[in-house]
Amino acid sequence: MTVQSAGLTSTTTGPSLRTLSLAEALFVPVAALIVSALLFSVFLLIIGKSPVDFFGLVWVGGFGSSFSIQQSLQRSAPLILAALAFAIPARIGLTMIGAEGALVLGGFAAAAMAIPLVTGGAPVPLAWLLMALAAMATGGLWIGLAGWLRHYRGVNETISSLLLSYIAIAIMNFFVEGALRDPASANKPSTMPIGDAYRIGSIPGTSVHWGFAAGVILAIVLAILMSRTTFGFAARMTGGNVRAAQAQGLPVGLLVVACCVIAGACAGLAGFFEVAVVHGQANASLVAGYGFTGILIAFLARHNPLAIIPIAILFGAIAAAGGLIQRRMGMPDATVLVLQGIIFVVLLASDTLYGRLKIFQPRAMGDRT
Amino acid sequence: MDNSLLIVLIAMLGGAIRVSTPFMFVALGECLTEKSGRINLGLEGNLVLGAMVAYAVSYHTGNAWLGVLAAGASGIVLGALHGYICKLPRVNDIAVGIAIMSFGTGLAFFFGKAYIQPSAPRLNSVPLGDWTGNASMAQALQINPLFFVGIALAILMSWAFANTRWGLIVRMTGDSAASAKAMGVSVDLVRLLATAAGGFLAGVGGSFLSLYYPGSWNEGLSSGQGLMAVALVIFARWDPIRCIWAALLFGAAGAIGPALQSVGITQGYYFFNAAPYILTLFIMIASARSKGAAREAPGELSITK
């Protein structure tokens, strides 16, 4: 998008600008991952554990067998959707950090929608469709509200979406503890279980659930929408310069709200899969921090929907390996959190390297003058 | 009826005093950082790590106040890390804040596993309400010394911002990096120090959670108080004294639910928990386009633009 290689390559002797910027875009994150691994090794050595064992187990637990690969893909599903919920508004220039709330509220809406459907014995595919629509509509409304407040009322979207997140969690708790509580859920207040018949199974032949497929498909669709359509172009232009977009007569307010609704719908869909696949009901387990991890994944992917997929799978793999590390090395489950934290910090700090490494800069710039 | 209303009011007062202290410290820390023109969303990590470190140090040394200091030190480390990374060019401070939050929380959970069971010495409270001769009043006025430290600190900060050279430098850096540079002030250094000092305060706020109320270390200790501080500072319009009032208000709103429960009203517990967030959102909507709010916000702060 920023590469104007045509004029330059003719005068340069080295690799083209496009190759250079691609090499840079691959080198920086890979170098950051290596630095994170080294830093975490130091941490392991300090506490007297073997880094070799640890990373061996991460590999085995994350990618070592077809079972563990499937586990990793499974775990990446909510992360892909939550990351999309951050990346799409980011393209239009908004820092929307409320995906957690949209996910929780979407999951709750799906579970609430399931109550009449399950008790009424609705056909399973119809129930899934209505639950997913309820989840996407609720999530879309939630982030759309933050987008609307931003554009039409001038309320900062970062803070308002954060506040809306807490309000969403409180709304879920309010209903789960009260009106919609299943009396059978003694220790952990929950909504009525949707029952095995209405649970979503795995993609045939695998143990990966459909949420992963939905995440990948949505990421591809949104990548096309943002890079190949008029809507995407208008949204990116608005993100680049609101005044210029307004001067061109673009419906900026509509674009902002539409991007936020899409984002909220992605997060809401993640909530739907959490309910329909993982938990089978809505309860406090929905508040699992996927929204915040998604923000960081979207940043690492530089808000590119396609790049989100591999990065989310990497973090899914680290999470999937957690249990194995816990058992084999006798380390607490929070080990994975420490590793993730180090990776996030180092990768974000590595953003500063873009455009500053000499080897990735075109050498023959002087020839042109 | 009068009696139960009184019980609710006293419980809210006590709740406000009890719950507000961590809000107060985190908000004062965030206020200092934002005054210098930077935002730190990572204070939640400082709070949780501070709570763990305070509990661990108090357990091993037998001195709760050493725990408070250690929590502050851990906060300085995280704050300085955030400050250092944010001063690199092309780095997004919102994302780094969230990364620091997840890093701090991860460290706290990792090292905190060993301290979920043991019992460490706590901070003692000062009984100020015995003269009232009312048991629940006396209970409500059991006040932790950190509460007073927070109030003193707010007054000191408010005075220092207005009257000292350092206060002026911080405010100038936050309002216009260009003028600060013209005056020969190192913008990066001022922001680094302000972020580290803000981290210290958030760490101390965390120590209150584990050493006084609720008073033990566990992983669900902080319910987002650190993140809330960002909203609270906007609510208080970057004024340390108003941070105290805002923290008390947030504490009181959080105490309505349990207070009503104590007199037999159990409905709406979670609704009242959400009250401070809803209130802040409405105040933000009301003040978003007012000139007064725009005047009080530090000019360099990305979050208010």
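In case you wondered, yes, glycine gets a Cβ from its N, Cα and C as well.
Automated prediction, rather than curation, is the source of TrEMBL annotations.
Annotation comment: TrEMBL describes A:26-47, A:54-70, A:76-94, A:101-120, A:126-149, A:161-180, A:208-231, A:252-272, A:284-301, A:306-325, A:337-355 as transmembrane segment.
Counting same-chain residues at least six beyond the ends of the transmembrane segment (A:208-231), those with a Cβ under 8 angstroms from any Cβ of the stretch are 1, 70, 73-74, 76-78, 80-81, 84, 88, 91, 200-202, 255, 258, 262, 266, 269-270, 273, 277-278, 304-306, 308-309, 312. Note: the stretches the transmembrane segment (A:126-149) and the transmembrane segment (A:252-272) are in contact (3+ CB pairs below 8 A, sequence gap of 6 or more). If you look at the transmembrane segment (A:161-180) against the transmembrane segment (A:101-120), you find at least three C-beta pairs under 8 angstroms, all six or more positions apart, and that counts as contact. Counting residues 6+ beyond its ends, the transmembrane segment (A:337-355) has Cβ neighbours under 8 Å at 24, 28-29, 31-33, 35-36, 39-40, 43, 293, 296, 299-300, 315, 318, 361 in the same chain. In this chain, the transmembrane segment (A:284-301) lies out of contact with the transmembrane segment (A:54-70); the count of Cβ pairs under 8 Å, excluding pairs fewer than 6 apart in sequence, is fewer than 3. Here the transmembrane segment (A:101-120) does not lie next to the transmembrane segment (A:306-325) in space: the count of CB pairs under 8 Å, restricted to residues six or more apart, is fewer than 3.
The list of residues near the transmembrane segment (A:26-47) in space but at least 6 beyond its ends in sequence, with Cβ under 8 angstroms from a Cβ of it, reads 54-55, 300, 338-339, 342-343, 346-347, 349-351, 353-354, 357, 360.
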